[in-house]
C-alpha cells in the first residue's frame, strides 16, 4: 500500500492565499458537536466532519445542521473498529452502512470522503472506499486533542506544524468503545482551542477551506 493511496495534504494550486483544512472525527456528539458548529458559524469557516454511522443514525438533527451550515459530512465507518482486523466483508459493511446512515439522516448530504478509524488503512479499506466513490483522507497535523492535553497545548501543536495544504485532525466526539471512560467524551478543550485557532490561522495568512471534491 502506498501513502499516495490516501490524502495527507492538499497540494497548493493557483496564486491565492495558502489553504488549510479543518476536520473533525468521532461525532456527532450531542453536547460538543453543536458547540463546534457554533464556533465555526461565528467565524464563518467550513469543516469536514468524519462521522460515525451509528451516531449519525441516532442524531440525525446534527447531520442536518452540518449540511445546512455548509459543512461536509464524511464517512468514519459505522462503529469505529480497527478495520485492519476486519475481513473484507466486514470492511464493506462498515463503510456502506455508514454511508446509508448518513444519507438517511440527511438525504442532501453528499458523502465524498472517508477516514479510517485510528488512521489505519489497508488495501481492503482503500479498495472498498474507491468502489463506494469515497476518497480516502488522512491528516498531516494531529494535536492529539482527544488526550485532553490542555487548550494551550492543542493550539501550540497545530500552529507549530501547520503548513499550506495541511489537513488538521480534531475530535468532536469519541468512539463507542470509549464511552465508558467519562473523560473520553469531553471535548471542551477542543472547542476552546478551536475558537483561538481559527483567528490565529487567519492571522498567519491561511484560508480555511472545504476539502476539494476531486483530488
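Sequential numbering from 1, following the chain as shown.
Glycine too: its Cβ is placed from the backbone N, Cα and C atoms.
The active site, proton acceptor feature in Swiss-Prot is assigned to 25. Secondary structure at residue 25 (active site, proton acceptor), as computed by DSSP, is strand. Around residue 25 (active site, proton acceptor), the same-chain residues at least 6 positions away in sequence with a Cβ under 8 Å from its Cβ are 50, 76, 115, 169, 170, 171, 172, 173.
Within 10 Å of the Cβ of residue 171 (active site, proton donor) there are 25 other Cβ atoms, across all protein chains. Residues or ranges marked as active site, proton donor by Swiss-Prot on the basis of similarity to another entry: 171.
Marked as divalent metal cation binding site by Swiss-Prot on the basis of similarity to another entry: 76, 80. Residue 80 (divalent metal cation binding site) is surrounded by 24 other CB atoms, counting those within 10 A of its CB over all protein chains shown.
Taken from Swiss-Prot, the feature domain 'NodB homology' applies to 18-209.
When secondary structure is read from DSSP and collapsed to three states, residue 145 (site 'Raises pKa of active site His') falls in the helix class. On its own chain, residue 145 (site 'Raises pKa of active site His') has 154, 170, 171, 187, 189, 190, 193 as residues at least 6 apart in sequence with a Cβ closer than 8 Å to its own Cβ. Here Swiss-Prot flags 145 as site 'Raises pKa of active site His', drawing on similarity to another entry.
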Quick one: give me the count of other CB atoms within 10 A of the CB of residue 76 (divalent metal cation binding site).
30
